[in-house]
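Straight from TrEMBL, the features:
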type	residues	note
TRANSMEM	108-132	transmembrane segment
TRANSMEM	144-164	transmembrane segment
TRANSMEM	200-222	transmembrane segment
TRANSMEM	229-248	transmembrane segment
TRANSMEM	300-321	transmembrane segment
TRANSMEM	333-349	transmembrane segment
TRANSMEM	410-432	transmembrane segment
Amino acid sequence: MSIFPDTLRYIEVEPDPKTRAVFLDAKPAYLDHQQHQNRQTTNGFGNRVGFAEGPPREAFGDGGVVIKSDIIYDSSKPIYNVLRLLGVFPFMRPTAGMTMFACASPAMAYSVVFLVVLTIYVVFIMISRIDIVRTLEGRFEEAVIAYLFIVNILPLIIIPLMWYETRKVCNLLNNWVDFEVLYQKTAGRELALNLKNKSLLIAVLLPVLSCASVIITHVTMVEFQLVQIVPYCILDTLTYMMGGYWYLACETLSTTANVLAEDFQMALRHVGPAAMVSEYRSLWLRLSKLARDTGFSTCYTFTFICLYLFFIITLSIYGLMSQISEGFGIKDIGLAVTAFCSIGLLFFICDEAHYASFNVRTNFQKKLLMVELTWMNSDAQTEINMFLRATEMNPSSINLGGFFDVNRTLFKSLLATMVTYLVVLLQFQISIPDDPTAMLKQNSTAAH
């Protein structure tokens, strides 16, 4: 009995487990807004979750963040300009930070005219090359080398392939702008890449080197005709400039990942870590998607380029190896230059993609594992564990539309396959007599 009649026993007021309250980290709107303003003013960090409500552009526009320039596009602008001159990337830039593709546009009209003129030129060259192959009466390796000049015309396919994929490239550039805005709201400063000088150097040197390699090949291997060299120079420049575009796209991913990792470590030293980890996790998830979209946006084009380089390397090295018995001559200089340049381009395509994937995922995981957790509260430790789980569940490998991952393993596999083809070609060459009369005698003897 209790002296207070209205008092209930403790067991009678114990809440039912199904109706227990759940604690949510929620605060009144004015307090949350005030804390957001204080954090943004003192430390330059905003947007606690990383994604504001509303459409992406409108949400990113809130908070006074204005994109004065498209850092990613401006860093690669010299390469884009050269490729647009060659009929690739017929997109439009109505305003800074917005990239659009339309079939009815001046850029697309220029690309169509350029492709038609170049196709007529290439068909004329290809007809003459086919006639040369038909009239060959020499050895087997000479016919294979003659086919090399027909294979060199295939990069013409890159232009229509890139028309199909330009829309995806535009989406990739627009997503990079969204990433820049989110990074600026989180870190309080613009993304520092410093890749414009490298891009300018690539845009100047690659066309010069590719044209020089074509001239050396034609001077040393066939009769020098300036009229026939022009389309080969254009197509060779197109191939190597696409390699330059790929190199700078992967370098942008690597540099951004390193900058993001350094900023993340710096933020944990000076600011309350729980909210910062959440914001940087949002940034990393966007960067991981950008890495996947880099391969997806040009998957068909670079699948074709990798196969094209594989055939060029195989034919060039076979032409060199077939001359070992007779000694190397002047015409082998062109084959050596072609093989060296093609192997270098294929290696850089695979190596840069491998390096970008490593920096975006593996290197960032190392930064997370090196974070000191002893001084952090339980919320911060939970955020770190969620960040690590996000890096495991979101692959950052650069994949060409599901065909294959672009990495050093791809380069090794292509070289191993090339060795197999070279062995088959050399065995086939050995089985064919060098003297046509000897072949006729063998056939007549077999008939009797």
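All positions are counted from 1 along the displayed chain.
Just so it is clear, glycine is given a Cβ too, placed from its N, Cα and C backbone atoms.
Predicted, not measured: the structure shown is a model, and the values here were computed from it.
When the stretches 144-164, 229-248, 300-321 are ranked by Cβ pairs under 8 Å to the transmembrane segment (200-222), first place goes to 229-248. Using a Cβ-Cβ cut-off under 8 Å and counting only residues 6 or more beyond its ends in the same chain, the transmembrane segment (108-132) has close neighbours at 86-88, 90, 102, 146, 149-150, 153, 156, 159-160, 163, 228, 230-232, 234-235.
Below 8 angstroms of C-beta separation, residues 86-90, 108, 111, 114-115, 118-119, 122, 125-126, 129-130, 132-133, 136, 221-222, 231-232, 235-236, 238-239, 242, 298, 300-301, 304-305, 308, 311-312, 315-316, 318-319, 322, 335, 338, 425 of the same chain, each at least six residues beyond the ends of the transmembrane segment (144-164), sit close to that stretch. Counting only same-chain residues 6+ beyond the ends of the transmembrane segment (229-248), those with a CB under 8 A from a CB of the stretch are 75-76, 79-80, 82-83, 86, 88, 118, 121-122, 125, 149, 152-153, 155-156, 158-159, 195, 198-199, 202-203, 206-207, 209-211, 213-215, 218, 298, 301-302, 305, 308, 341, 345, 348-349, 352-353.
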